[in-house]
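Look at TrEMBL and you will find 146-290 tagged as domain 'Orc1-like AAA ATPase'. Annotation source TrEMBL lists domain 'AAA protein C-terminal winged helix' at 386-504. Per TrEMBL, region 'Disordered' is recorded for 43-64. The feature transmembrane segment is assigned by TrEMBL to 73-94.
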Amino acid sequence: MMLTRGGARLTRLALVPRVTLHETLNASRQPLLRARFATYGARRSDTNASSGKQDAKQEPKEPTLLSKMGESAATTFASIFVLASGFALAAYLYHKSYKLLVVAKMTRAFEPGDPVLELAAIGKDVPHAPGGNDDHWVVRPEQDQVNKIVSGEVAGHYFLLVGEKGSGKSSMLIEAMRRIDGDAVAMFEAHPDLEVFRLRLGKALDYEFHEDYIGGYFSERGPRESTAILDIERALNKLEKVALKMRAYRRKPLIVIVNQMHLLRNVEEGRDLIELLQQRAEQWAAANLVTMVFNSDDYWVYERLKQLATRMEVMSVTDLPKKDAMAALSKYRKKYLKQDVSEEILEDIYKRVGGRLSFLNRVAKSKDMIGTCEKIKEIEKRWFLNQCWILGMEMDDDVMDQQKWASASMTLAKALVDKEEDMETYDDERGHTLPTYPFHIAQQIMTRCDFIRELDSLNLITITSQADVRASSVPMHRAWQEICALEGFDKLLEDTLQRINDIESLGRTRELVAKDLVLGGEYEIKKGPNGITVNLNTHEDDDGDEKEN
């Protein structure tokens, strides 16, 4: 054995225990881990120590009830404010857009091609196409002036067309509308009920009176809770805004036609409505914004408008003259039955029915024209007798008020018939000239001033725009002639008037009846020194007993 120094070293190494590499590494890392853990523990202990010191210094504080309430209130208020602002902005935008929509709809109502014109044209037998063939049409002398009014060429005034029923007033207005295709024209019919009048005005102007306004659901009083006349005022206010808007580019006034104004009742509501419409008509005529045209058959509408009229012009529409009436009848006959009528028959028909367009149209459609003329006269006669026939001395006192009306009407009719003796009622060139009396003289003849307007409303008489009173038509005057020519008519009228006087006399008389005098007694009146004494003397019976007082 070689024991060398190197071998000894080998032996010494062999005596050392075996240690693996893993153990050696762990052993070398333990001091480092021990040091690191010691550092973390120290830090944790330091942190706990510092936090303990801070907790010891600062005690925890919870929010108070007042602060919680303030925070909740602020949150709630902010939410409500945001929601309210959003709703308010939406409501404001809706309100403004609704107003703009109302004005736009009403503006479109005055554009050409109004369906109301179509319906009216069908009812009046007028062609619908503007500027079309008018061979069907009977041109009245007033047609040119009406055309200028409806087209807006005449401004600064408002107009009242007054005349008898069936004389062609509405037909002239519709013909004038047809020529311009209803451009800037609105037309509607009046009605005695103001609610219906309101609806018709709204339909003509395409105005809903805020009935489709959503804001009405959130208000205590809805738009429909107002009165009809207030709704009409609102519609006219909107119409004024539209007229101001359209004036900038049209340079002509708008046209509003109220047809059949006489249908309004002559009561407080009807008179208030007429006054409202007239006030607007006066203002708009002065500003050239809107030209209003009123059409009426009755005189009382003219009387009502005349009280406040400044810019009103009246157009009186009467029956056609003889030449025009015969030409119209010939044209109607060719249109309906394709027949030519001789001059003799045309003149005979004119003598019977005059120049009323409605009568001529009815006769032209009939196969027996002369028979139709007589039928028209009989209808007028029966209508007058049903309203105004008199009863004579056999009249009951309960019907005295109605007989006052009837006898006054018969007296006026007889006076107009009797006036024929002092005038020429028919001329070969001019045609009929019906007898007339001034309005005040007619009241004097009737001895009443409150009956004559009702006669006009019933189309028994006509009060012209010059305040002349005459029969409502030629057939009505012919009916009066036949009635006054009846045998015993004058005596019957006289007896009726006498009976009315007797009943009124009985109503004004008071009778005092002394029972003692009826039984045969007598009063003896003596004047003595002590005054006047009255004694009752009774007759004795045959038995000698005195009668009882």
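All positions are counted from 1 along the displayed chain.
Glycine residues also receive a Cβ, built from the backbone N, Cα and C atoms like all the rest.
Just so you know, TrEMBL annotations are computer predictions that nobody has curated.
Counted with DSSP, the domain 'AAA protein C-terminal winged helix' (386-504) comes out as 73 helix, 13 strand, 33 coil. In the domain 'Orc1-like AAA ATPase' (146-290), helix, strand and coil residues by DSSP number 83 helix, 18 strand, 44 coil.
Mean pLDDT for the domain 'Orc1-like AAA ATPase' (146-290) in this predicted model: 88.
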